[in-house]
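As given in Swiss-Prot:
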BINDING   48, 54  NADP(+) binding site
BINDING   125, 126, 127, 237, 238, 277, 292, 293, 294, 295, 296, 318  FMN binding site
């Protein structure tokens, strides 16, 4: 079956292609009475949309969302919420030369083998254009989570070889890179300018954090919260790796270093990333995403055509030299969708559970 829906109680279904007339989403399971407006959704869409700086694709899409159903007089009704974003700046002719060729490291080859045909215009369904609907749906989840005291936000923690230390959340929304260190922005800009001159691309690392999450979210064994987050975050285009907490750094740690010891005042560390045994611990939930460099570059690359003949591919069109630059709001959206789904699932099963043990924060 097609994998176009995520969630159990709070579900998000998307449809649409990069060069189709529109993108759509159906969001189901949102409790009634939640105050929601177009501005709530548009804020995150504007953070993600293309053409916002010289360091991203110059495709000009306003990404103005329309709410078709499920909201009446500014509040959710409890019925399915229909969302629509119209595509307005397609240039399909840019792709006519490669309609019978497979771009290296793209989904062209695998979509062709799976379905027997493919929409070659901008990648069709495999394009990251689809993630606009995830961001719109995620904005609804964020709004609901905020009523429960939960905040989800992210930042870029590495661009290519440049590591970006966390300094302040205030900086994240003040630059095109979502950098938490304002002093790094000139270096990032210079690196991206040189990358464009080299006609190349680069990967990135995004960190996303959820604060205020209560203990208890997650459904062992197969729907562990960390497993669900990894699933959701890995579904984002170009993501090739996900870490929870210390992640792969845990390999080099000893148990005395890695274990998050507890005191009456709180946890002494958070190597687990806020999840123990697949269940949220009450600490901040921390995930890191590795995004590959896009292979949509003008440097020629070797490939084959649909008949298996060797060819050289040069990708035209408008592309992000670093897809990670616009990935922060997408990662936030997917984490918010997972957390809302699990909060509703936890409430359904365990609403009557009362525990006298205090909820610990992190020192």
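Any Cβ shown, glycine's included, is placed from N, Cα and C.
What you see is a predicted model, and the numbers here were worked out from it, not measured in a lab.
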Item to check | Number of other Cβ atoms within 10 Å of the Cβ of residue 294 (FMN binding site) across all protein chains | outcome: 23
Item to check | Whole-number Å value for how far residue 48 (NADP(+) binding site) lies from residue 296 (FMN binding site) (Cα to Cα) | outcome: 19
Item to check | Cβ contacts of residue 125 (FMN binding site) (under 8 Å, same chain, 6 or more positions away) | outcome: 16, 17, 18, 111, 119
Next on the checklist: Quick check for the class: what is the C-alpha distance, in angstrom and rounded, between residue 48 (NADP(+) binding site) and residue 127 (FMN binding site)?
Outcome noted: 14
Item to check | Sequence-distant neighbours of residue 292 (FMN binding site) in its chain (C-beta under 8 A, six or more apart) | outcome: 105, 203, 238, 239, 240, 323
Next on the checklist: Can you tell me how many other Cβ atoms are located within 10 Å of the Cβ belonging to residue 296 (FMN binding site)?
Outcome noted: 21
